[in-house]
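As recorded in TrEMBL, the features of this protein are as follows:
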- 34-59: transmembrane segment (TRANSMEM)
- 50-356: domain 'G-protein coupled receptors family 1 profile' (DOMAIN)
- 68-91: transmembrane segment (TRANSMEM)
- 124-145: transmembrane segment (TRANSMEM)
- 157-175: transmembrane segment (TRANSMEM)
- 226-253: transmembrane segment (TRANSMEM)
- 291-316: transmembrane segment (TRANSMEM)
- 336-359: transmembrane segment (TRANSMEM)
Amino acid sequence: MSNSSLHNVFIWGQKELDDLWNSINRSPSDPSSFWISLASFIFAVLGSLSNLMSVVVLLKLSTHLSTFIYLTSLSLSDMITCITVMLILIIEFLVQTRQSTSVTILLRRIEIISGALAAASRVLSFWISTGVTIDRYILICYPVYGKIFCTLNRAKYVSRTLFIIACIYSIPLLFEYEVIRMPTVYQMVHIDNESAAATNDEKLDKNSMLVTKGYTDLAKRRAYRWAYLFFNAIFVYTLPTFIIIFCNVQLIGALKRRKSRTKGVRKKHHSSHPEKSIHQTRRFHHSKYSITIMVIAMVLALLLCRSPTIVLWILWSFELTIKAFFNSSSSSFVRRFHSVANLIAIINAATNFIPYCVFGELFRAECLTIYCCRKPTSAQLAKKAKLEHERKIRHSKKHGKIKVTTNQQRTTDFEIDYLNTISSINSDSVSGINTSCND
């Protein structure tokens with residue numbers, strides 16, 4: 001086989017690319033695309049603000065539990081998605097206002113970078129959602145191993161690693177497209193006209209060029225397209241989806257068993273400690289498993305909203321489906337489905353703040369404390385003091401190379417501080433109860 005034949009096998013032909021881009025440029029626009037773009041821009045703006053608020057709250061909680069570290073990384077990833085989508089929509093609007101050629105070239109390059117970052121951040125959100133699901137699965141189903149694998153340092157290490165892999169994933173996407181300058185139809189007509197050729201101004205040519213995107217030599221290679229397809233099929237969609245489904249099924253079953261066991265214990269001790277038993281059992285259940293319910297609701301919503309995007313990714317992976325996508329006879333429904341699927345993915349990235357507030361008891365309390373300037377209750381202060389006390393004990397055990405007498409003295413000091421905090425809380429509990437009753 002000659003070198004030219006090998007080159008034709010692994011690289012798309014110029015005629016194939018010309019037909020592809022011509023079908024794209026001749027494809028009719030959907031009348032509803034304006035309203036979908038407007039809704040996408042609104043949700044992208046709201047999502048940027050809501051994810052920023054989530055990051056502020058989760059950073060406060062991430063010092064106590066590894067799950068909150070993953071949720072902080074997820075909020076950062078979703079915020080990047082919303083910001084890049086917002087930039088892409090603004091660039092599309094500016095390009096349609098017929099800017100100068102130099103400005104349009106700059107905008108197209110920013111659009112290419114934003115598109116690569118948006119794609120990488122969506123993949124990153126999927127990976128982080130898988131990580132937080134595994135974290136809750138180990139903590140709930142195997143609590144003994146949770147003390148080993150679900151530590152704060154390990155969660156930070158995994159989150160940083162996923163961010164680095166997502167950055168590496170976005171590098172080839174930056175070189176898939178290039179900026180192409182071509183004359184407009186008006187210029188082509190006047191170039192062919194001999195009488196107008198002499199009056200063709202160089203400044204008019206520079207400011208009237210049609211600037212668009214085109215495939216680079218990397219994107220033309222079939223080996224790259226198939227390698228990209230294989231990586232996405234295995235490591236981006238298939239494997240994380242199966243892990244999410246398996247872990248969530250196990251988590252739901254564990255929560256059901258825990259709920260039935262809690263009811264049995266509550267009925268057993270109801271006669272001896274009626275009010276105290278019920279109150280303590282409910283508080284224990286909500287404080288320990290509300291985070292798991294929040295994670296399950298968030299991850300299942302992400303999986304449901306990303307299903308149309310997975311279908312679109314399969315369609316965009318093959319040349320024939322791309323041409324069918326832009327065919328005028330079938331583009332009305334398919335292109336509307338494409339726009340709606342992207343809108344659903346943006347809505348999902350923008351509204352994770354809602355399940356955090358609805359299902360997350362700790363998140364909701366911390367959010368009210370930060371943004372509504374509400375003073376924490378005595379129970380919240382006691383819980384915070386207890387967590388701080390446990391963190392200091394873990395820190396002292398971690399640095400066990402110090403002398404035993406020094407460790408014992410530090411532990412005694414920690415216990416004294418903790419008891420002083422609890423005593424101050426109990427002294428103010430009456431006023432806190434009266435205030436809550438008045439509310």
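Every residue, even glycine, has its Cβ placed from backbone N, Cα and C.
Remember, TrEMBL labels are computer predictions, not curated facts.
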Handout entry: Remote residues contacting the transmembrane segment (291-316) - C-beta distance under 8 A, at least 6 residues beyond either end
Key = 65, 67, 71, 122, 125-126, 129, 132-133, 136, 139-140, 232, 237, 241, 244-245, 248, 251-252, 255, 322, 325, 337-338, 340-342, 344-345, 347-348, 352, 355-356, 358-363
Problem - Among 34-59, 124-145, 157-175, 226-253, 336-359, stretch most in contact with the transmembrane segment (68-91) (C-beta, under 8 angstroms) - result: 34-59
Fill in the blank from the handout: Top stretch by Cβ pairs under 8 Å to the transmembrane segment (157-175) (candidates 34-59, 124-145, 336-359) is 124-145
Handout entry: Per-region confidence, the domain 'G-protein coupled receptors family 1 profile' (50-356) (mean pLDDT, whole number)
Key = 80
Completion exercise
Under 8 Å Cβ-Cβ from the transmembrane segment (124-145), and at least six residues away from its ends along the same chain, one finds 66-67, 70-71, 73-74, 77-78, 80-81, 155, 158-159, 162-163, 165-166, 236-237, 240, 243-244, 247-248, 250-251, 254-255, 289, 291-292, 295-296, 298-299, 302-303, 306, 349
